[in-house]
Structure formats: structure tokens, C-alpha cells
Amino acid sequence: MPTFTSHIAPQELARLASREYPSAETPVLQAAAEARAKGYDTICYPLTTDNWKTRWQDMCLLPGEDVKDRNALEQRAEAWRAKPAFLRDEITVTRLDEAEGAVVLISDWLELDASDDWVRHDAETALQQELAYASYLNAHTAVLPPPRNREHAASYARAVNACLHAVPFLELSVRISIYDPSVFRASSTPRGGRTPEPSSAVTVAPAQTPISTWEMWDLIHSTCDYNQRLSLTLDLTLPLPSTLGVLSQWLAEPVRHIFLPASAFIANAKGYPVLPKGTQAFIRDVMKLQPNIILSGTSAGRHGKGGESAYMQYIRHLEKTSPSVQAAQTEGTVEHFAQGYQDYLQAPLQPLMDNLQSATYQTFEQDPIKYRNYEEAIFLALSEWPRPGKILLCVAGAGRGPLVARSLAAIKRSGKDAFVYAVEKNPNAFVTLQDRKRREWGDSVELLYGDMRTLVVPEKVDILVSELLGSFGDNELSPECLDGAMRFLKSDGISIPASYTAHIAPLSSSKLFNESHSAKDQRTSAETPYVVMFNAINILSGDGGGVSGACGPSIQECWEFEHPRRDAVLDERGLPFTNSHNTRSAKLAFHIPHAGVLHGLAGYFEARLYGSVGLSIHPNTMDKVSRDMLSWFPLFFPFRDPLYLPGDSELHVSIWRLTNQRQVWYEWHAEAFLPVPRSTTRPGATPHVTLIKRQSQDGTLLSPRPRSAVALSPLIDAVDMPFIVETALEGGEGSKGVELVKIGQTALHNPHGRSSWIGL
């Protein structure tokens with residue numbers, strides 16, 4: 001659940017300082033005590049006072065060229081740069097207990113992205129001084145001033161990266177608005193004149209897009225190499241954009257704090273504070289990240305009803321009505337089952353190489369939905385069986401016996417005369433099967449011990465039942481296992497499952513990127529598919545054909561396996577000669593409607609058990625097919641390096657399922673393309689050419705800066721020519737359709753199974 005923090009403004013600290021307290025009390029400790037009494041978990045306050053701002057400006061921003069004692073001012077500034085230090089009246093706290101558990105705000109007037117080099121330099125020096133003092137007081141989190149100037153965002157990012165290395169242990173959080181295009185136009189007065197105070201007010205500039213601040217955050221985050229001590233404080237002062245695709249980008253980022261001033265609230269019909277609908281929806285969505293909510297200005301009496309407590313009560317109401325929170329609190333849902341496992345990487349099972357533990361079986365057997373659907377599929381197959389007489393069933397991979405029990409229940413429901421064989425290779429689980437046969441099943445079941453790929457069964461069966469599926473359908477070697485088990489099946493027999501398909505979608509998640517790169521051998525860890533209960537992710541792809549019209553849906557099918565295989569070429573034992581028939585490949589094109597960073601691929605599966613009964617973890621079908629099924633989390637295919645994808649770009653993903661005589665593995669690769677207008681010139685058309693010369697100050701003719709009529713790929717080389725040529729065609733349009741320009745690619749991941757594979 002979220003935590004709540006009360007923002008203590010400088011004016012409030014000044015008011016508290018004017019009171020008299022016992023010797024052990026300070027204004028900050030009094031503010032913390034009052035906040036806790038009101039239900040807050042902690043407080044947030046500025047680390048420095050206006051005295052520090054005044055001294056810094058006097059030292060670092062010279063008032064003009066004709067100032068007296070300029071040399072003395074310069075010497076004073078140089079002395080500070082050599083040994084940065086505070087005076088007592090420049091900071092708000094001095095004691096460990098004042099900083100304990102609190103969130104400190106670094107001076108928001110520091111411009112790390114100022115246009116002037118000296119301002120940036122001195123702002124970075126001041127930032128490191130403030131962070132060093134916060135670290136001295138053992139503060140846990142410091143919120144940095146917001147970036148303001150897109151042109152120098154890289155300088156801001158470099159400064160933050162330097163601070164992360166200079167100040168250990170302290171978590172740094174970048175305060176940034178979800179959208180704030182106008183701040184990129186802010187600039188600092190050069191060192192020759194005093195700079196105006198940066199304004200926190202913003203206006204929307206139509207030339208920018210709502211994702212501009214996200215792109216700036218991504219620049220900072222990637223420059224700092226996804227440092228896990230760098231987090232995000234989202235400022236929700238402004239009304240939010242209504243485009244959900246834009247907002248979802250932030251849900252894949254390390255959002256630790258939400259800054260929510262009273263001015264962001266509006267009064268409802270009764271005068272109580274509420275949030276606009278767009279902000280409400282975002283708050284409900286972001287609750288799955290369990291952020292810290294920083295409430296500011298709630299004691300100012302801005303709204304007529306409810307008082308200060310109404311703001312926190314309203315946010316708690318949004319939390320309770322959050323779909324993700326409601327699902328996590330409802331028993332029987334996958335969200336409730338997966339608590340504690342969100343975004344936690346797990347290695348897929350190796351069912352042929354390893355014998356599962358009883359606790360693992362126990363976990364899977366807690367899934368009532370999967371076994372209910374299996375029983376229904378077996379019941380339908382028995383009910384529709386066309387011939388009279390005894391029906392033979394075989395459960396291949398019986399484990400501890402849940403499918404055997406469900407098969408017997410389906411037989412009883414159908415009223416058919418049937419018998420069950422149960423095959424299991426795990427010697428430990430086979431003991432449990434023997435115990436259940438003695439206590440529960442009796443002569444209605446015969447147990448067979450051995451590997452289904454080589455075991456000889458007494459007779460062929462009519463229905464073969466198995467639960468060998470993995471998160472990607474085939475990633476636990478269901479095709480290979482069932483190749484051998486199909487020897488048990490009569491020529492007109494039924495396999496349950498009858499088929500299954502694998503699906504992928506491109507995703508962004510800084511959390512999963514960090515987790516997959518946390519091992520010492522990053523190449524191996526970043527080339528290993530993982531089972532993950534997704535939480536802080538953003539699916540980058542959208543439905544529709546995209547600009548080129550050639551893209552598929554947001555989640556696309558890779559391949560399918562069917563059982564039994566009707567075209568199988570078998571040896572005298574009934575086994576395939578090789579495993580090459582189980583190789584697969586797919587080349588898929590995804591439309592990327594909003595800019596984002598590719599960190600990996602989400603893998604899902606759908607299975608048809610029998611008739612219309614199935615299993616699915618596909619986000620678009622799971623609720624209809626097998627809602628709240630617990631047995632499978634999705635599969636995550638990581639990429640070693642992030643790949644930035646601009647809005648309206650295309651991502652072409654290639655994925656392969658490969659095999660040799662000992663192993664099965666996946667390889668994956670992606671390419672990014674930008675659709676641009678295709679320019680075509682008709683034969684005989686005469687272009688109008690405008691020649692624009694460019695000269696240097698000494699009169700020398702220079703080659704012009706390249707200019708293009710379309711937004712070409714940043715990877716296209718500019719043509720250096722002595723004149724700028726502008727063309728226009730007579731008698732018609734100059735372009736038809738689009739062409740794809742390549743703008744990036746990933747490495748080929750896991751070639752020849754060097755990092756991850758499933759053993760046969």
C-alpha cells in the first residue's frame with residue numbers, strides 16, 4: 001500500500017521556528033510529530049534556506065561588467081569552489097533524528113541544465129555540497145530539482161550521474177512533470193547578469209508532444225546506466241493528458257514518489273477536494289507501484305469542505321477502488337496468488353533434466369481453474385466418443401496425480417466405461433502416485449514408471465492427457481515429450497491439449513532491465529528467458545497497421561504446435577528420426593504508437609484442450625478462457641541493451657526455436673524502422689531549384705548544412721553539397737506511400753544456445 005508524506009514548506013518551518021519548544025525539540029521534529037498525528041508516515045522539507053540561495057547567487061552570478069571589487073567577488077567564489085561548506089543559517093536541519101525517515105528536497109533553484117557553462121558548473125558544485133550534507137545526516141532520499149532545459153538535458157544527466165558516484169547509499173529522485181513542454185524553453189542568464197528565479201509554473205507549448213518530459217527522463221535514466229539508486233518523483237501539479245498510451249510509459253519507470261499539491265485538486269459539488277478524471281485514473285493505475293504520496297499545501301484551506309484530512313482520505317479512496325489493488329486483495333485471483341513475486345525473475349523449469357520437488361507440485365496443484373478446464377475437456381471428449389466399449393486414457397506426466405483424479409471425475413460424470421494409465425518418470429512423485437492408488441483409485445488406474453519418450457505401454461489408448469505446457473507453450477518441451485508419448489495413442493485418438501500457440505509483444509520495464517542485468521555475467525543473464533509476473537511494465541506496441549499498414553496487432557502469434565502430428569516421419573519404434581520438425585521461426589512487425597524504450601519481449605501462450613475448452617495467459621483472451629488461472633506467469637525475453645523507439649515507428653522482431661540432439665533453445669533479435677514519405681519523381685518532370693550559398697565571415701564558400709523535406713532517420717548520412725537544393729514537381733504530388741528507414745537494431749541474443757537452453 002502507498003505511504004503518505006506531508007510537504008513542509010519553508011514558510012511553515014519559519015512559523016514553527018517562531019514558537020518556543022522544550023530544549024530537545026526543533027521546528028522539524030515538531031513538524032514531524034504534527035504530521036504523524038494527522039496520519040502521515042513522514043515529512044518532506046527543503047534542506048536549505050533562502051540564505052544559501054542568496055550567498056550562492058552573490059558568489060556565482062555577477063551582477064554586471066562594471067561591478068566594483070569584481071576581483072574580490074571572484075576570489076570569494078573560488079574559495080567556495082575549492083572548499084564548499086554551509087553556514088549554520090543556510091540549512092534547516094542539523095541532527096540525525098531530524099533527518100530520520102524524512103525526504104529532503106534539494107534546492108529547486110539549482111539549474112544543472114542552464115545555458116551558461118559557469119552556472120551549470122557552480123550548480124553542480126552546490127548540488128554535490130547539498131547531497132554530501134544530506135548523506136552526513138544519514139538521509140535516505142533526496143529529491144533533485146527538476147530539469148528545465150531540453151537543450152542541455154545531457155548536462156543535467158551527467159551531473160546526476162556524477163553525484164550517484166560521489167555520494168554512496170543516498171537515493172536520488174528526479175522531480176519531473178508528466179508533461180511540461182514549456183520548461184524546455186527556459187534559459188539562464190549568462191554569468192554577466194543575474195539570473196531570474198526558475199519558475200515552477202508551466203504552459204503547454206503546441207510545438208511539443210506530451211511525451212517530451214518522458215524522453216528527457218529517459219535520457220537522464222539511460223545516461224546514469226539505469227542506476228538503481230535513481231528514482232522518479234512525478235509532479236502531478238498539471239492536469240494529465242487523456243491519452244492512456246502516453247501515461248502508461250510512466251508505469252514502467254521507477255516511480256517512488258508522487259508530488260500532489262492541493263492546487264491539483266478541484267472542488268466537487270459539495271465543496272470537497274477531488275482530482276480531475278484523468279488524474280484519478282492515473283493515480284488508480286500507479287497504485288500498483290505502491291508509491292509515496294507527497295501532499296503539499298493541504299493546510300491552506302484551499303477547499304471549503306473536509307479540511308486537511310480530506311485530501312489523504314480521497315487518495316485512500318482511489319487506492320481502494322484501484323483495479324490492481326482490488327485484484328490483489330481478492331482471494332483466488334492471480335494477483336493475490338502472485339503477491340511478492342511481481343517483477344521477480346524466475347528460471348523456467350527443466351522438467352526433463354530435473355525431478356521436481358513436492359513443494360513445486362503443491363504450488364501448481366493450488367490452481368483450481370486449470371484442473372477444472374482439464375476435467376471439462378476430458379468430460380467432453382468422453383461424452384463425444386463415437387464408439388462403444390471401454391475407453392482407454394493415459395495421463396502422460398502424472399506428477400502427484402491431479403490429472404489422474406480429474407480424469408476419474410470426468411469418467412464418473414460421463415458415465416462411460418473407461419480405464420486410466422498414469423505415466424511418471426520422477427521416482428519420488430511415483431511414490432506419491434502409489435500411495436494415492438492404494439488409498440483412492442484402486443484398480444481403476446494402472447501406474448507406469450518411466451520416461452514417456454521411451455516407455456513401452458501395455459496397449460494403445462484412445463485419449464492422451466498431459467500438462468507439459470510452459471509459459472511460452474513449448475518452452476518446457478511439450479512437443480518433444482509428446483513426440484514420444486504419441487506412440488501410446490491410437491491412429492484416431494485424441495490428445496489433450498490438441499494444440500497451443502506462442503505469442504509475443506515488445507515491452508518496456510526499467511525494473512526488469514535492472515533485474516536481468518544484476519548477475520555478474522550480464523551476457524548470460526541478459527540472454528536467458530525468465531518467468532515473470534509482470535507489474536511495472538508498458539507494452540509498447542499498439543493495434544492497427546501503423547503508418548506503413550504492414551504491422552499486426554499489439555500481441556502477435558509466433559507459431560503453433562498440434563498433437564497428434566499427422567505428417568510425422570517415424571522410425572520403427574514410432575519415434576522421430578531427429579527433432580528438426582520442432583524448430584520454428586517468426587518475423588513479426590509491431591507498430592509503436594508512442595515513443596518508448598525496448599527492454600525485452602513479453603511471451604504468452606494459448607492452448608486448445610478439446611473443443612472450445614482451453615487455457616490462456618494471453619492478456620486479451622485469458623479472462624474469457626481461463627480467468628484467474630494461477631499456474632503460469634508470462635515469459636520475459638530480455639535485451640542486453642535498451643533500444644529507443646520513436647513514436648509511430650515500427651519494430652520488426654525475429655525469434656527462433658532451435659534444437660539439436662541434446663538441447664532446445666530460443667534466439668531473438670529486433671530491428672527498428674521509421675516510416676518516412678517516399679518521394680518519387682515522374683519522368684520528364686522539371687524540378688524548381690533554389691540555390692542558396694553559405695559563406696563564412698572571411699567570404700569563403702562553405703558547404704551548407706543538410707536540409708530535407710522529410711524527417712529522415714538519424715542514421716542516414718547527410719549529403720554535403722555546395723548549395724541547398726529545394727525541389728518541387730510540376731503537375732502533381734511529389735510523394736506516394738512510405739518507405740521504412742532503419743534506425744537501430746539489437747544484437748542477436750543467445751546464438752546457438754550459448755547462454756540458455758532446455759535439456760532433452
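Each Cβ is built from the backbone N, Cα and C atoms, and glycine gets one as well.
Those TrEMBL annotations? Automatic predictions, nothing curated.
What you are looking at is a predicted structure, and each value in this text was computed from that prediction instead of being measured.
The active site, proton donor/acceptor annotation in TrEMBL covers GLU467 (among others).
Neighbour list (GLU476 (active site, proton donor/acceptor), Cβ cut-off 8 Å, at least 6 residues apart, same chain): PRO348, LEU349, PRO351, LEU468, LEU469, GLY470, ILE758. According to TrEMBL, the feature active site, proton donor/acceptor maps to GLU476 (among others).
The Cβ of TYR361 (S-adenosyl-L-methionine binding site) has GLY399, ARG400, ALA429 as same-chain neighbours under 8 Å, each 6 or more residues away in sequence. Marked as S-adenosyl-L-methionine binding site by TrEMBL: TYR361, LYS370, TYR371, GLU424, ASP451, MET452.
Taken from TrEMBL, the feature domain 'PRMT5 TIM barrel' covers 39-320.
According to TrEMBL, the domain 'PRMT5 arginine-N-methyltransferase' annotation covers 334-496.
Sequence annotations record features per position, and here TrEMBL assigns domain 'PRMT5 oligomerisation' to 499-758.
Counting only same-chain residues at least 6 apart in sequence, those with a Cβ under 8 Å from the Cβ of PHE364 (site 'Critical for specifying symmetric addition of methyl groups') are LYS370, GLY399, SER631. Feature annotation from TrEMBL assigns site 'Critical for specifying symmetric addition of methyl groups' to PHE364.
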Whole number in angstrom, please: the longest C-alpha to C-alpha distance across TYR361, LYS370, TYR371, GLU424, ASP451, MET452 for S-adenosyl-L-methionine.
-> 24
Sorry to bug you, but what's the C-alpha spacing from GLU467 (active site, proton donor/acceptor) to MET452 (S-adenosyl-L-methionine binding site), rounded to the closest Å?
-> 13
Please tell me which one of the binding-site residues listed here (TYR371, GLU424, ASP451) sits closest to GLU467 (active site, proton donor/acceptor), measuring Cα to Cα?
-> TYR371
Which residues in the same chain, at least 6 apart in sequence, have a Cβ under 8 Å from the Cβ of GLU424 (S-adenosyl-L-methionine binding site)?
-> GLY397, ALA398, GLY399, PHE430, LEU433, LEU447, LEU448, TYR449
So among the recorded positions ASP451, GLU467, who's got the most Cβ atoms within 10 Å?
-> GLU467
Are there residues of the same chain, six or more positions away from TYR371 (S-adenosyl-L-methionine binding site), whose CB falls under 8 angstroms from its CB, and which are they?
-> GLU365, PRO402, LEU403, ARG406
